[in-house]
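J.: Could you have a look at this structure, given as structure tokens, before my questions?
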Amino acid sequence: MEGLPCLPGNSFRDPTQTNFHVSHTLEVKNGHRVTKWPQVGLGGTRINYNQIGEDELELLRNYRPELTYGKPVVGVPDKFVPATLAFDKKVLRFFGYFKQTVPESPNEFYRVRPVKIFYYLEDDSLEIFEEAQENSGIPQGKLIRRHRFPKNDQGDTYNFRDINLGQNLAVYGKVFRVCDCDAFTREWLESEGIHVKQPELIPRDPYLTKRHQAAELKTYKTKSDFDKLKQYVEMDRKVLRFYAIWDDRAQMFGEQREFIIQYYLVDDTMEVREEHKANDGRDPFPILITRHKIPKDRYDVKGTFPHVFLELSDTEVSQYFKPSDLMIGRTVHIYGRNFLIYDCDMFTKTFYSKNFGVTNFEPVNTEIVRRTHPKMEIPPYNGFGTLEDSMQNCLRLQPDRPKKDYVKLMENDHRILRYEAVLDSPREDDKLRKFVISYHLGDDTISIHEPPQRNSGIIGGRFLERTRVSKPGTSTEYPEYYGPSDFHIGATVEVFRQRFIIRSADLYVLKYAEEHPEQFSPAVLQSLREHLSGESGRPDARLSTDIYVKRKPGDFIRLCAEVRNKLKALRITNHEQIRQMFLRYDRDRNGYVSRDNIVDLFRQINLPLENDIIDAVDNGWRMYNKQ
């Protein structure tokens, strides 16, 4: 077929050929159109003509033949070649990087992003390109498109003379560090008379370095042969029960409380239950810590772990409580509380005996040692005021009034037991003095009155204000006061170091004693009956101190002044008010008030007027009328 002419009908198609692919001569590389010569023919067949490379074409294009013999021919100057044609497809390539700040990240502070800087000689344009990394999450590729980069605010642009190794290239607010270039770029720059500096190493990204190191140090554990299904089948409904206490008495208002710690062997979970007692004053919440896997130290976690959003898992916590950590006598720290295990049940003891070989299960003594609080010491009675008032000053900062038996006071307020007594004194003058001792049954107080005697040289009147008197020899903390049974004929009564001997009593004393025999002893009743039997026949049987004594004119005025002083003590000083009070009982308008009415009058205004004063006033009025 080679000798046949190339005419229609003289060529034959190869019937065995099945590939008819045509090689393409146009490509797009880095965003630019590039042409290339086909290497193979139709369907991959061999091309029969020779192909010349770009270097050979460049040599043939610049070759100027010269004559060896004859007159030399003057060369014609080359035609003007534009830069777009002279520097077509000639690009300077630089390698560099820039740092990107990473705010609010605990793992990295900045990123190192390597880039490639392309300088196109044909139009002095630049382009910055970043290699795409897999799963980086950062938009990569072409960072800055191809154009002339502004150099300053005056409108100048970057030139290839402004770019060299080891210098920074500021473009649109980002600083790119030029570290290296390829061989063509170095050769071309040196051909232009530019000294190319030594290349620098691009620093590695610290976060990627950290990840590579972690990947190298990463260890793999062989899967455990522990069968969870076997644990569930064998350990289901098997629970270890421990009895523990939480002693919080070191804190203010702390106390020792009892708890039950239950360990579930089926899934290694725990729960803490509170053991309530009757009338312990606490709400009936049985569970203190719900059932879950409790870590030994839940705070042993990295500080970068987001506790607010995530819960702890096996990745963060590696150590949980196991049965080997729970023994009698050990203190278990659970969520900030120290639980002392002091005993366990029989199943727990059997489990530890079989699996751990423990034989000593002696419980720990947890009895609370009662503290001995210091006893408050009451200071001794200083003699000022009553004993009850002084005791209130020791018990409270703001003393209260001593409590009184108001029922007894209302029933016996008007009941008074009166006795005649003399002083037990070696002096002869004191032996002639006579006293009236009044015992008030309403509040168990005693008052002593001395009737005035003419030419005795002693001013009579009130000898002792109404008060409670304790017996001699009793302690001030627990005093024993005089009672109705302590007064009988011939008895000696000591009142504030003054000894009185009772010589007589009022008939009302005998009447009251017979009506209330439980308050008097039989000896007291007998002495009162023997002494008062002779005086009971008199219609006006009273104490011997009521004998009409010859008084001088000033005695009645002095007695009136004493009554007036008592009215002043009760703040009753208005004369018109006093006059209206007396007119209410002076029904006949004769200027006199009977004895019974005056007693009722004084009782209504709570005037502590005693019977001996009323008798003295009555006797004085009789003597005044006789005179």
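Just so it is clear, glycine is given a Cβ too, placed from its N, Cα and C backbone atoms.
Here TrEMBL flags 88-193, 236-356, 413-517 as domain 'DM10'. As annotated by TrEMBL, domain 'EF-hand' applies to 573-608.
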J.: Over the domain 'DM10' (236-356), work out the mean pLDDT and round it to an integer.
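T.: Averaged over the domain 'DM10' (236-356), per-residue pLDDT gives 88.
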J.: Could you put numbers on the helix, strand and coil content of the domain 'DM10' (413-517), residue by residue per DSSP?
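T.: When I sort the residues of the domain 'DM10' (413-517) into the three classes, I find 17 helix, 42 strand, 46 coil.
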J.: With DSSP, how much of the domain 'DM10' (236-356) is helix, how much strand and how much coil, in residues?
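T.: Residue counts in helix, strand and coil order: 13 helix, 44 strand, 64 coil.
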